[in-house]
Structures are given as structure tokens and as C-alpha cells.
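The structure under discussion appears below in the form of C-alpha cells.
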Ligand code: DSN
């Protein structure tokens, strides 16, 4: 029998065909996706948890690996047909270990929240005590908030910040010795100063607790040495891959010097517990295409270009914090030592109004609660500003000053009507939009996306 061999399709063929098919057969969806591409180029994102993925990462996340079911880990799968999947996952693991200097890396978690869930579920029994940073003070939902598993399955105790907005390490120690938590979480989503991981470890050791660090917001600064690393200080470190690492939506679980130590009270190492924590305990088959995208992002994170981007994040945060202070805004914590600037808004301005008014003018920020907060998390009295996406636009000091100036001028012209409503002269709004768009043109994201 003669077999008529068709040329095999390549990844590039499929991606090109997919884009063309989407335009031709699903114009409704294609238009929404194109509108989002335009929005991301035409608005200034100051969202602390956002940045843009490189096209190579986007392509890897759209790869045919999405078709493969691959429960298990490289070399030990419950499914056949995994030879390329094994290579992809091994590459992502190797790059994660290298980038962070970790002995153990797990790359299957669908997000940092699910990574946190996996770690807690594997190391704690329901009802055990957990000590984490309170959400109101800059922690994360999964660090003990009662609206998540972490605050309902466990006896969650929250630590906070001083009135100046700094982590109150004395309070952390006092609470740790009083409540003897099985696990302490350090790391934050709205905290602009360095986290002293070594001090947390000393407190954890004194209290007989396991230490978990969640570096989702600062992973790029940690990877490039611009923030102390928790990898050897904490027993376990988690991070998402989609903030500073510019990767896909996903999570990593890492461990350093404790990886091959036994979990206190158990005859099993941290590395083995962490591996089983994700599959089969928490997840089934991993999103293999996302593991490929993680590998792509981690590869980029080892380049001089990424290193320079992380320096721009720091430089921009310093300039912007000073500019806000020069305009008499309080910067919570006194200054920024990472990518975040948390500002206290003026008395009658709420975070909800500021966020909405700025978005109307082409600037995207987050409302955020601040120390001593009296308003709800839907209203708030603060704004959280991040410099990650600006760094990808190759922002310089002059651009940072112009953005703070524009942002403050907009807020000065907004008249709040209660907690959520406001008025802003339409002519002024049009002018502000034009200024924001001009800054997007002056600092285009296209150069970052060029390769
Ligand atoms: N953790 C949330 C944030 O910091 O914005 C979402 O990633």
C-alpha cells in the first residue's frame, strides 16, 4: 500500500491558521481580543500586579501542548505520549531552580493561590493555626482571610503593620510565641518596603513554625538580586508567574536549603511533600501549555534585558514616590523599596472614585486599603501604584514625573459625590485622555514586544 505523506503542520502553521480562522469564523470574539490589544497599548497601566508577556511566551501558552493530558511528573506519568511534555516540564523546573537558586521547583500550579493552597493543605491539618499578614495591612487573600480556604480551614491569626505602614516584627514574634502557629506566611500584595525574610525565619524557628514566603509581587526583584531572597530563609517559597516574571497565569513552588530536610514531625522531606501537594492532592493534569509558557518566561528572566527592566522598576518607584510626596501625598511606609507605591488619598477622595476617574482618563490603577482604614475594600482610602508595566515601556525619570503630575492634576479636578460617584468636566477629561495617550506613544510597549 502506498502512503501519501502530507507535510506535517508546524506550531507556526497552527498559530497562523488559528488567528486567521478566528477572524473569519468568530469575528465577535476576534474583535474583543483586538480591542484588548489596543487597550493595553493605549492606556497607562500602573497596576502593581500586571505586566505584558513577551510574544514568545504568548506563543508558548498557545501551543499544541494544550492537547496533552499528563498527570504525574517527568518520567513518572499516568499517561502515555508525554515525551515532549516531560522535556518541557523539566526545562521549566531547571530554569526555575537556576533563576532562584532553589533546590526544589514545582511548576504545575495553576496560580499562586492554588500553590498556596497546595502547600498549606500538605503541611497543615485542618484546624491548625496559621499566622499571616492581614489583608487590610497588605497581605493576600490566601494568607488567612476568612473569605478563603486559608481563613476557614485553619485557625488564621493576622499580623499587621505599624501606623507608619511597616511590618511590625515585634508583633509577629509576640503573636507567634502566643499562638504557636504550625506555619507562618510572609509576603504581601500591597507593601512597598523590603521584607526581612531572615527575621521571619528566626521568629518561625523560635516558635517552632514552618515558614512560607509568597513572593508573587516581587519575584523579578528577588530573581535579579534587588530584593533579599527567601529561598533559603523560608522552608517553602511560592510565587505566581504573571506579575514581575512576565509569564503566563500560573504558580511556582520553590524550596532551598530545607528541600531535602524532613518536615518537622514527619518522616518525609519537604521536596517530596511539595511534589505530592500539587498532584494528586490538589490538581489533576497540569496545563502543559502554561508550563511551556513558564519555561519561556523564566528563560527571558535570565537575560540582561530582564535585569535592566527590573532596575527600571526600582528607579521608577523611587522617582514616583518622591513626586507624590512633593505634592503632599502620604506614601505609606515612607518610601518604596520595590515596585509598589501605596498612597493615602485626600480626605474626601476615595480609592473607588480615584480608580474610576483615572480609568476614564486612560490611567489604570487599583484602589487599596491603607493602614488605619475606615472604608470598605470596595471603597478604600488609598491607591496602589506599581511600576512593572511602565518599566516594560522603558519609562525614564521624566516620564515618571509626567505621569504623577497628570495623575495628581486629574484627581485635583475630580469632585467626589459620596463614596463612588464623581463629576469631572468632559473637556478636561478629553484633555487628560489625550495626555495619557501621548505618554503611551512617547513610551510605547511595542519595543518590548518586538522580540
Ligand atoms: N493578588 C492580586 C493583586 O495583588 O492584585 C491579584 O494578583
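Keep in mind that glycine also has a Cβ here, set from the backbone N, Cα and C atoms.
Under the heading (6S)-5,6,7,8-tetrahydrofolate binding site, TrEMBL lists 135, 139, 140, 141, 261, 376, 377, 378. The domain 'Serine hydroxymethyltransferase-like' annotation in TrEMBL covers 22-405. If you look up TrEMBL, you'll see 243 marked as N6-(pyridoxal phosphate)lysine. If you look up TrEMBL, you'll see 242 marked as site 'Plays an important role in substrate specificity'.
Within the model, the domain 'Serine hydroxymethyltransferase-like' (22-405) shows a mean pLDDT value of 97, rounded to a whole number.
Residue 242 (site 'Plays an important role in substrate specificity') and residue 139 ((6S)-5,6,7,8-tetrahydrofolate binding site) have their C-alpha atoms 18 Å apart, to the nearest angstrom.
Residue 243 (N6-(pyridoxal phosphate)lysine) sits 14 Å from residue 140 ((6S)-5,6,7,8-tetrahydrofolate binding site), taking the CA atoms of both as reference points.
Looking at the residues that bind (6S)-5,6,7,8-tetrahydrofolate per the record, 135, 139, 140, 141, 261, 376, 377, 378, the two CA atoms farthest apart are separated by 43 Å. Counted within 10 Å of its Cβ, the other Cβ atoms near residue 377 ((6S)-5,6,7,8-tetrahydrofolate binding site) come to 13, all protein chains included. Under the three-state DSSP scheme, residue 140 ((6S)-5,6,7,8-tetrahydrofolate binding site) falls in the coil class. Ranking the recorded positions 141, 242, 378 by other CB atoms within 10 A of the CB puts 378 at the bottom.
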